[in-house]
């Protein structure tokens, strides 16, 4: 049998096993899409606006009311409560009715007239970073604008023209250019990374389920007659990996063509660049899963192991914490996880709009990771073949 036929045979046999196992095909064809859709839907609002806060106005003057109006005018927060004192505001916070407290002191206006700096206290809900970010931004921006207005009035009162006063207040003109995700949307930030983690986790689980089942039933060798020679090993690996590559490409096509456009998640790269970059990633995950079969002697071993590693993979991917800020040992280990490099490249392509040539170093690294796991698979399958070749009929 020619080598191309061996690859085709292994591909077709693996696809048959996938389809015949309800848990595996459901994970690949249904759960992966449902999870990707559900996660994107949850974060589809991108940012949390109109966060409820309480303002304790101890001053009750026109200046304090102006500051309250400015804070309430921002899109980030909504002044929903005006308690009489801080204790009442704190009780509202503990009840979950507000996510921030602003206290304007009694001497607020007095210090402004005396050209002193009054202090406005802010208490933020740091248990949720998104709430903290929105409330802090609204309060800080409002105070900055009010400071500028007070300074402008003071300069014009001294006979300085409006133009000169504006130049004095804003001596340096800062120009901010947001490269991507200008609104700081959470879905735009997180979902491109989550999409890859979803398919990586489900591929590893599915491959482990099939491999663990075959080893448990003593069918690992008998199911693949092409595993009798080293060429057969390579052909079998390429065929099996090809079946998982087909599934992964179908998944990423649905993500890029349906889910991301439906929820307005940007996709700025050329599709051919995205597919070319995803190719070594999907193959790396497939070969990694095939290698991990050596540790799965039973079907349930795969589920337990991959479930246990999903959180570490999430951390090492850089979603919850930058990889560069991890301990050196974890940084080193993260380089062997396909999703770590793939996420950086995928985000650069889809969100940054770069070309594949701009991230050629990541692309090369993905192929090296793919080669690494392919070599491990060849050694494992070949050694397993030699050790158990007497079982072949």
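Backbone N, Cα and C atoms are what each Cβ position is placed from, and that goes for glycine too.
Any TrEMBL annotation is an automated prediction that lacks curation.
When the ranges 303-323, 324-344, 345-365 are checked against TrEMBL, the one recorded as transmembrane segment is 303-323. Nonlocal intrachain contacts for the transmembrane segment (275-296), taken as residues 6+ away from its ends with a CB within less than 8 angstroms of a stretch CB, comprise 196, 199-200, 203-204, 206-208, 211-212, 215, 237, 240-241, 244-245, 248-249, 252, 302, 305, 338-339, 341-342, 345-346, 349, 356, 359, 362-363, 366-367, 369-370, 373-374, 376-377, 380-381, 384.
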